[in-house]
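Peer 1: Take a look at the following structure, please.
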Amino acid sequence: MAMQPSYPAPFGAAAISSSAGQEVASTIRRQFTDADADRIVETPLGEKADSSDTAGPDSEDGIDQEGHDKITALARSLSQISQKSAGPTNTFLDPSSDPELDPNSDKFSSRKWMKNLLHIKTRDPDRYPRRTAGVSFRNLNAYGYGTAADYQADVANMWLKGFGWLRSILGCRNRVQIDILRNFEGFVRSGEMLVVLGRPGSGCSTFLKTIAGETHGLWLDEGTHIQYEGISWDEMHSRFRGEVIYQAETEIHFPQLTAGETLLFAAQARTPANRFPGVSREQYATHMRDVVMTMLGLSHTVNTRIGNEYIRGVSGGERKRVSIAETILCGCPLQCWDNSTRGLDSSTALEFVKNLRLSTDYTGSTAIVAIYQASQAIYDIFDKVIVLYEGRQIYFGKASDAKRFFIDMGFDCPDRQTTGDFLTSLTSPSERLVRKGYEALVPRTPDEFAARWRESAERQRLLADIEAFENESPLGGSKYKEFTVSRAAEKAKGTRAPSPYTLSYPMQIRLCLRRGFLRLKGDMSMTLATVIGNSIMAFIVSSVFYNLDQTTNSFFSRGALLFFAILLNAFASSLEILTLWQQRPIVEKHDKYALYHPSAEAISSMIVDLPSKFLVSVVFNLILYFMTNLRRTPGHFFVFYLFSVTITLTMSNIFRWIGAISRSMAQAMVPSSIFMMILVIYTGFTIPVRDMHPWFKWLNYLNPIGYAFESLMINEFSDRRFPCAQYVPAGPGYEDVPLSSKICSQKGAVAGQDYVDGDAFINTSYRYFSSHLWRNYGIILGFFFFFLAAYIICSELVRAKPSKGEILVFPRGKIPAFVKKSRRDGDLEGAPTFEKQQLDNAGHDSTAAIVKQTSIFHWQDVCYDIKVKGETRRILDHIDGWVKPGTLTALMGVTGAGKTSLLDVLANRVTMGVITGEMLVDGRMRDDSFQRKTGYVQQQDLHLETSTVREALIFSATLRQPASTPHKEKLAYVEEVIKMLNMEEYAEAVVGVLGEGLNVEQRKRLTIGVELAAKPALLCFFDEPTSGLDSQTAWSICTLMRKLADHGQAILCTIHQPSAILMQQFDRLLFLAKGGKTVYFGELGPNMETLIKYFENKGSSKCPKNANPAEWMLEVIGAAPGSHADQDWPEVWNNSPERAQVRAELARMKEELLQRPPPPRTKEYGEFAMPLWAQFLVCLQRMFQQYWRSPSYIYSKAATSIIPPLFIGFTFWREPTSLQGLQNQMFAIFMLLVIFPNLVQQMMPYFVTQRALYEVRERPSKAYSWKAFMLASILVELPWNILMAVPAYFCWYYPIGLYRNAYPTDSVTERGGTMFLLILIFMMFTSTFSSMIIAGIEQPETGGNIAQLLFSLCLIFNGVLASPSALPGFWIFMYRVSPFTYLVSAVLSVGLAGTSVKCSDIEILHVPPPQGQNCSSFLDAYVQMSHGRLLNPEATSDCQVCPVADTDTFLAQVSISYSDRWRNVGLLFVYIVFNIFAAIFLYWLIRVPKKRSRKIKEE
C-alpha cells in the first residue's frame, strides 16, 4: 500500500489519498494545455522560465484559457508561480522555506509562486470559490449635454453666464444632446485582454469609464445592455462595486506614506476572510504586498516615501508602478486601464503589458486597455482589439485579424508600421493609405466606416458570439451565484451581504486609523509647526495681557483676552478644509475601489487629529491662562480648558462639514471666510447681545463660540468681587469724601461699595447669567454631535465636482460659425480637429515665411558634473556633435542617460553644476542673446490659461523678435505661424485647462508656435514633443518638424523610442547610454540603413526585416528589458573611425567658421530684444487681460469687499454716541480689518500662476526682465483694489452712521472724503503687502500662513484690543511699527472725533452727594478734571455723571488724536512704497539667479 502524502493542516486537508491527488492533477491537466503553458514563458521582469522544470504528479504545467476561467480570482497576487514538489507550500506562514517562493529572496520566481498558490486553492474549491467577470455589451450608446456655444467668461459677460445657468436650472434652456459613443457591441471573456485604439476625442476614455461604471456627467441610452457574466450593470456597480476598476492615467497617493505602507493598506483592505487556516490578516497582507512589489520591481522602494511634485519621493515611473500594484492588490476580476503607459518609453510599456498578460493568464482576470503608440510587441500580447473613430466603433474582434479586415477593405499598411499605428491611422484622412484601385471603394467618414463594419460578416459573427456568451452566463445564473458566493466568502464577519466592502465598518475605521497615524508620523512638520506657532502666539498674547491685576481696571482687558482666547481655540482647525481637499481625491478613488467607506476615513481622521489637538490646546491654554493671571483655582482652570477644548472640537466638525458639502475648493473657502467673520462679530464681545439689532440677533443663538464666550466670562467673573481701582469722584479735593458718596467707575457698581460684583458686571454689560454656565456646555455639545453627524453623512454622500468633457472655449463674439452649427446638430466632433484642418489646408504652404538660418551650432567634449550627497556625479561625458541649418537631429537614449540634461546644457538653461567643453556658434562663444535667439519647446505645455492662441503667439513675437522689426511685421508673421501649424480654426480659442480648453495636441502645437513666433535666429530645441501623444499626433508633430527643417530650421529633438516610420523623418541621431556617454552620432540613412550597418559591422546581431530599428538598437546595447549587451558600446564608439571622422569634421568646421567675419555688435545682441519700458507695458497688458478674464477672482474680490462691509454696516447700524455705541463703532472699524487676510489669500494664487509661467518658460527664453514682471504684477492689482474701495466705503461708512459724527463740526464732506481716502489706502496696502509676502515664497498656502501671522500681530498691537498704556514696555515697538496702528488711528479719529457723548442709562453713574451740597458744587471740579459731564447739576441727591463728555476724550484713552490724521495718511503711503520696494528686493534676493552663485564653469 502506497503511503499517502501528507499536507499541512492549514490548507484545509490534513491528508489526501494518492488517487485523489492524481485526480486533481489530471483535472488540472485537462484544463491547461501545453500550448498555453508554452505561451507563458516569461515572468513580468523578463525572467525566462526554466525549461528543465519537471513537475511532480500534482503540479499544473499546462494552462489553457478555459481552465483559467475556472480558477478563482487571485487578483491580489496571482502573478506568481508554484513550486516543483508535489505538495504545495504555505508561503504565507514560512516564505523562507523555499527561496524560490520567498519574495524577499534573490532567487524568487513569481511563476513558481503562482503555481504553488493555484495548487493550494484548487485543492479546496469549496473554501476558495472561483470568481471571474468577463463583459458583454450591446447597443451601447452614451451621450452628454451641451449648449449651443461655449464662450469664455469675463468680468462683463459673467452675468450672462449666470442667467444662462439659472435658465438651465429652471428648465428654460434648451440643452443639446451630444452623442459620445454610438452603437458599441462586443464581449471579452474572463482571462482575455482587449486593447482600445483611437485618437484623443474618439471616446476611448468614455468607453472604459462606462464599462467601469464611472458615468458622472454621462447618460446611457435606455436600450444599452451591459452585463458581466450574469451580473447586471446596475448590480455590478452597487453591490459589487470595486470588482470592476477604472485605472486613470494620473497617480494619486498620500505623499507622506512609503510605497510599502501604501500597498500594505490596499492589501489589508482587501484581505479575504477565507484565508489559508493559520494565516493572520497581517501575514496575508504583508506577503501579498511583498510579492506584488517584487513582481513590479518595487522592492527597493518599500521604505521610500511616495512623494509628489513638492515632496521628494519615488520617481515618476515608480509612482506609476505603485498605482498598478495598488490596482492588482485590490483583487478586481475586471480592470480598465486608461492610457496607463502615457509618458513611458516603449520598453517600460511592454513590461507593463506583459504583467497584465501574466495576471489574466493565471487568474482569469480581464483587462481592457486604452494605449497610445503601441509597439508591435505590445499589440501582439492582446487577444482582441476595438477600434474607435469619433465615437463610432469600426472594428471589434481578434487582434490578429484586424489588420487583414482593413487591408481587404482596400487600405494599405506600409512596411515597418505597427498594426496599432496602422489601425489608428485609418481614423486620419491625411495618414491612411488606400491601395491602388480602391480609391472610390473605401469608406472615408466615421459614419461610412461604422456602416461598413455593421454590414460586415465579422460583425455578424460577433453578434452570434455575444449571444452565445450571454447564453452561457444568463443574468442571475450559475456564474452569478458563484460570483456572489465567492464574494461572500471573502467578506469579514459583520459585513452586510449587499455591501461591496470586504471589511466590516469597525475594521475599516481601524485600518484608516493606522494609516492616519502613519501619515502623521511620515510628516510631523505641520503638527510641530502648529504646536510651535500656537506656543509663540500664546506667549505674545499672554505678554500683552501679562499678569492682569485683580481690580476693576482689568475688566475690559479680561474680556478682550477671553475673546481672543476663544477665537484662537475655535479657529485652530480652520485649515482642516485644505487638508480635507488634499486627501479627497484619494478617498474617492479608494471608495470606487471599495476599500472603505469615506465616512470611515472621516471618523478616523478626526481621531488621528485628537492627540495633536489636545497637545496644542494644552500648550496654548496653559501658557495663556497662567501668564495672564486669570482666575487661579483648579476648578476654574479646568472649566476654562474644558470649554476651550470642546469649542475646538466643535468648530473642527463645522469646518470639516463645510469641506464635505463643497464640491470644489472655491465653494469651501469663500463661505468659510464669511462664516468666520459672522462668528467673530456675533460672539458677544464686539457687540453685546443687548445691542444687537433684531435682524441679525438670531445669529448669536446659532453661534457656538458665543455660548463658549459667555461661559468663559461667567467662569472668570461669577461669584467674585473685584476691588475698585477708580472711583467717581476722585482726584485733588476729593481725598476726604466718604465712601458713601463715591461709586466705582465700572458698570455694575453700587454707590458706597469699594468693589464691583463680577456677576453684576457681566449681567449689566453683556446680559450674561451664571446659571447659563452648564446650559451653554450642553448646547455646545449639541452643536458638536449635530455637525459630527452632518460631517460623517456628507463625507459619505457628497462627491467632488466631476470634470467636464473636452470642449473648446472662445471669447464671446468670436466663436466660429462651424462650432455653433455642429453643437446645434449635436455633433461630438463639432470642435475643430486636426484632420479637418489638414483637409482645409492641404494646399497651403506657409513655411515659406520662415527665415532660413545660416549659423551652425557645434559642441565638443561637453561634460556636466553635479554634486549629489557630497559626491561628484558625471551626467554628461565628452559629448560631441553639431546641428546644421535644414537638418533634423534626434537625441535618444535610455532612461537616465541625460538627454534633457544635454538639451539644457546646450541651451544654456542650467543654473548649477560644472560644465566643461566647447559650445560654439559659428566657431565663437555663445553671447548674451543666445537664449533669446534659440527656440526651446519644453516637454510641459505651459501657457497662460486665459490667453487665446493668437494672443500667446503675439506676446512671444512682440517681446522676442528684435525691436527693429515693425510691430505690423511681427503680427503678420504670427498669422503665418498660425497657418504653418494649421491652427486657423482655433486661433481664437482660449488655452484654458485640459477638458475645457485646448486638447493635448493643440497645446503641443501652441508650444511649438510660441517658439516659432519668436523667429529664432539660431536653432530650435524640442524636448520630448511626442511624449504622451497618440501615434497619429506624434506623427503630425514629427512631420511638422520635418517641414520646418526642410525650410531652413536647425532642430535638435529628444524623443522616446519612436516607431520606425517616425525615425525616418530625422536626418541624424545622437544616442546616449547610461552615464551620458555617446553610443552613436551620425547619419541615419534611408530606412535607417546607415545606423543599422554601423551596429552590425561592430558585431551586433542582424536587424530583423520587420523590426523597429530603434527598439532593436536598445536590445543591442542592453537597454531593453531582459536584454544584455555583449560589448561596451560607448567604448566601441570612442575607438571607432566614425568618431574620428566626427572629431575631424568639428575641427574643420571650427577653422572654417572662424574665418568668417564676426557679426557687428548691435542692440540685437543684448540680453532682451525689447527695452524695459516696452517689456513692462506688454506684460501689464497681458496681466490686465488675465484679470479681466478671471471673473471668479474679481467677483470673489468684490464679494469680499461688499458682503463683509455691508454685514458689518447693518450689524452696527446707526450706532449711537453712547460709550457702548462708541466702542461698537471702534469694533466696527476693527472688524473691517478682518477682510484683509481674505483679500491677501485671494491675490496670491494669481501671482504664483504668472510667476510659474515666467520662471519656467519665459525667463529662460529671455522674453522679458524680472523687473518688468514684478512691476507689472504689483501694478495690475492696484486698480482693482482701488475700485473695490468704492463699494467697501459706501457699504460700511454710511450704514454705521459715522458721517453723523461730523455734523457738529460741519465737516461732513471733508471727513467723508478723508475716510474714503483711508479705505483706498487700506486696499492699496493690502495689495502691495500681498505682493511683498508672496514675492519670494513658493506656495500660496505658505504665503497665506505668513500673512495670517503678521496680520494677527498687527491686530493685537494696533491699540484697540490693548491700549498703548496697557502694553508692556517691550511691546511698545510693535505698536509703533504696526501699520494698522496708523490706519486705525486715522480711521477712528476721522470717524469719531468732534462730537459729544450721550451716555445710556446703564452707563450713567449715580453718585449720592454729601449732605448740604448739590451736584454742581460737589462734582463740578471732578467733571472738569475728568472731561466728563454732570447731567443734573442742581440736584441734591442721586447725581448723574456721564464719565466721558465728548469723543475726543474717548479717543485720547487709546492715544488717538484727530490732529494726527494727515501724519497717519503720509505714514501709510510710506508703508505702501516700502511694500513695493520690499517685494522687488525679496524677489531679486530669493528667486533671481545670480551669476556669481551659479557655479557654472565653461572651459
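Glycine is no exception: its Cβ is also placed from the backbone N, Cα and C atoms.
Since the structure is predicted, the reported quantities are computational estimates derived from the model, not experimental observations.
Take a look at what Swiss-Prot says about it:
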type	residues	note
BINDING	G893, V894, T895, G896, A897, G898, K899, T900	ATP binding site
COMPBIAS	31-51	compositional bias 'Basic and acidic residues'
DOMAIN	166-415	domain 'ABC transporter 1'
DOMAIN	857-1100	domain 'ABC transporter 2'
REGION	1-66	region 'Disordered'
REGION	80-107	region 'Disordered'
Peer 1: Of G893, G898, which of the binding-site residues has the most Cβ neighbours inside 10 Å?
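Peer 2: Going through G893, G898 one by one, the largest Cβ count within 10 Å is at G893.
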Peer 1: Quick one, of the binding-site residues V894, A897, which Cβ has the fewest other Cβ within 10 Å?
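Peer 2: Each of the binding-site residues V894, A897 was scored by Cβ atoms within 10 Å; lowest is V894.
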Peer 1: Within 10 Å of the Cβ of T900 (ATP binding site), how many other Cβ atoms are there?
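Peer 2: Taking every protein chain into account, the count is 16.
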Peer 1: Between 0 and 100, where does the mean pLDDT of the domain 'ABC transporter 1' (166-415) sit?
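Peer 2: In the predicted model, the domain 'ABC transporter 1' (166-415) has a mean pLDDT of 87.
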Peer 1: Around K899 (ATP binding site), how many other CB atoms lie within 10 A of its CB?
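Peer 2: The answer is 23.
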Peer 1: Work out the three-state DSSP category of T900 (ATP binding site).
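Peer 2: Going by the DSSP assignment, T900 (ATP binding site) falls within a helical segment, counted as helix.
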Peer 1: Based on DSSP, name the secondary structure state of V894 (ATP binding site): helix, strand or coil.
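Peer 2: DSSP assigns V894 (ATP binding site) to coil.
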